[in-house]
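Inspection log for the structure reproduced underneath, given as structure tokens.
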Amino acid sequence: MHIGVLEDDLDQQAFIEQCLLTAEHQVSLFSRSSELRRATQQHTFDLLIIDWRLPDSDGMDVVAHLRQHDSWHGPILFITASQGEDDVVKALERGADDFLAKPLRPSELIARVSALGRRSGYATSRPAPACPEIFTLHTDEHYISVAGDAIDLTEREYRLATLFFSKMGELITRAHLLELVWGIKGDISTRTVDTHVSRLRRKLELDGRHGLRLRSVYQSGYRMETCQPPHLEQVAK
């Protein structure tokens, strides 16, 4: 999962990041609530971890704002040094899905994250649209075949393709692609992503002819969509 962590204590940040990376999650770290809220508008997160005490706001207010104003519906794990029952109730009432008291234990943190992922349907109840059988991803050998023909892709093109296939129907921003595939964070003006996506679209023929279209979303990013192949559209008419 891609997990956003809002924690201003750098030692705690590093601890949480290491735990999540060990469990093979992707992690984005934030020290201020404004940074996280901006990121949720630009990136795709599967879960957020939010600390109570922050330099620019109260963690509970952040959770409430994400739910009420930013329309963020993903799971939220709230962490705090307080263990009072009233605090737990307040956090849950504000919109948190689970509550974890400090000091954090790696095994419990990972277990709570995994449980929230299952509960939100990360693995099961939000299946992506079915990929046409003409496309086959050979994950062991790192190549993709179309109608049985192996397509020659660079390593970055293959990583882009697997990302689009794994998030069928979802908008993926250019900034998110830069971060995941190139390891570059931040909004950078570059045509690198567009050039690679254009090449990938051409190589895999993702123009709708095989039931998949890799569509550009103006000023945002890209979305892999299922569609009716042209020959079937003619039959339907």
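Just so you know, glycine gets a Cβ as well, placed from its N, Cα and C.
Straight from TrEMBL, the features:
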{"type": "DOMAIN", "residues": "2-117", "note": "domain 'Response regulatory'"}
{"type": "MOD_RES", "residues": "Asp51", "note": "4-aspartylphosphate"}
{"type": "DOMAIN", "residues": "126-226", "note": "domain 'OmpR/PhoB-type'"}
{"type": "DNA_BIND", "residues": "126-226", "note": "DNA-binding region"}
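Residue counts for the domain 'Response regulatory' (2-117) under DSSP, helix first, then strand, then coil, are 55 helix, 26 strand, 35 coil. Averaged across the domain 'OmpR/PhoB-type' (126-226), the predicted model reaches a pLDDT of 84.
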